[in-house]
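**Q** TrEMBL feature annotations, pasted as is:
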- HIS108: active site, proton donor (ACT_SITE)
- GLY11, SER12, ASN13: N(1)-(5-phospho-beta-D-ribosyl)glycinamide binding site (BINDING)
- 1-181: domain 'Formyl transferase N-terminal' (DOMAIN)
- ASP144: site 'Raises pKa of active site His' (SITE)
Amino acid sequence: MKLAVLISGRGSNLQSIIDACADPEFPAQIEIVISNKPDAYGLTRAEKAGIKTSIVSHKDYTTREAFEDALQNVLDTFPIDLICLAGFMRVLTEDFVNRWDGRMINIHPSLLPKFKGLNTHERAIDAGEKESGCTIHFVIPDMDEGPIILQRKVSIETGETAQSLAEKVLIAEHEAYPEAIRLLSSRLLKS
Ligand code: GRF
């Protein structure tokens, strides 16, 4: 499977995919990493791994549609099977999402459908949850919705802080993203 990974920042999930792809048995490879932020550290990670990068800054476009057209133009120059959103912090329009229906996935740091949106760890702790985790799901027009591919759970201990929970969940995320890609590729092969 040929992947496009879309990022906005640190890119630690991107790194987990890069590391997984280093295994010749892993059924996917990254064709392009695209960032909407020119200073995203994930771009450096991709460059270090010899992966092509592209910056499509939303600030260069006056409308969401124009930004997405530019994004699509970059995607069109590669044979992409699957878009992986990995900390990509732009809301995508229904048109763009529908164009990639069934071929775009996202990682979210909570056990969806709980805690959609931001500040997930703080909200999980404040709600008295005993566990949290991460979810990889197909992207549909509604944010943080869409069929779930897999989830990984972590426990919330007494005295847990948003930061300590974020660290635990992030470790789970780094296992989950490559696993979800592996799962999807085996489904593709069977169909
Ligand atoms: C992760 O927690 C991911 O679940 C969320 O944004 C964060 C991105 O982190 N969507 P990174 O850029 O992959 O390090």
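Glycine residues also receive a Cβ, built from the backbone N, Cα and C atoms like all the rest.
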**Q** How long is the line from the C-alpha of ASN13 (N(1)-(5-phospho-beta-D-ribosyl)glycinamide binding site) to the C-alpha of ASP144 (site 'Raises pKa of active site His'), rounded to the nearest angstrom?
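**A** That comes out at 17 Å between the alpha carbons.
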**Q** Can you check how the pLDDT averages out over the domain 'Formyl transferase N-terminal' (1-181)?
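**A** Summarising the domain 'Formyl transferase N-terminal' (1-181) by its mean pLDDT gives 98.
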**Q** List the residues in the vicinity of the N(1)-(5-phospho-beta-D-ribosyl)glycinamide site, defined as same-chain residues other than GLY11, SER12, ASN13 with C-beta within 8 angstroms of the site's C-beta centre.
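**A** Other same-chain residues with Cβ inside the cutoff are ILE7, GLY9, ARG10, LEU14, GLN15, SER16, GLY42, ARG45, ALA86, GLY87, HIS174.
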**Q** In terms of Cα spacing, which of the recorded positions GLY11, SER12, ASP144 are within 10 angstroms of the residue listed as 'active site, proton donor'?
**A** ASP144
**Q** Here the binding-site residues are SER12, ASN13; which one has the lowest number of other Cβ atoms no more than 10 Å from its Cβ?
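**A** Relative to the other binding-site residues in SER12, ASN13, SER12 has the fewest Cβ atoms within 10 Å.
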**Q** Going by DSSP, give the three-state secondary structure for GLY11 (N(1)-(5-phospho-beta-D-ribosyl)glycinamide binding site).
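**A** For GLY11 (N(1)-(5-phospho-beta-D-ribosyl)glycinamide binding site) - judged by DSSP and reduced to three states - the answer is coil.
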**Q** Give the number of CB atoms, excluding that of GLY11 (N(1)-(5-phospho-beta-D-ribosyl)glycinamide binding site) itself, located within 10 Å of its CB.
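**A** Summing over all protein chains shown, GLY11 (N(1)-(5-phospho-beta-D-ribosyl)glycinamide binding site) has 23 other Cβ atoms within 10 Å.
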**Q** Given SER12, ASN13, ASP144 as the recorded positions, which ones have a Cβ positioned under 6 Å from some atom of ligand 1?
**A** SER12, ASN13
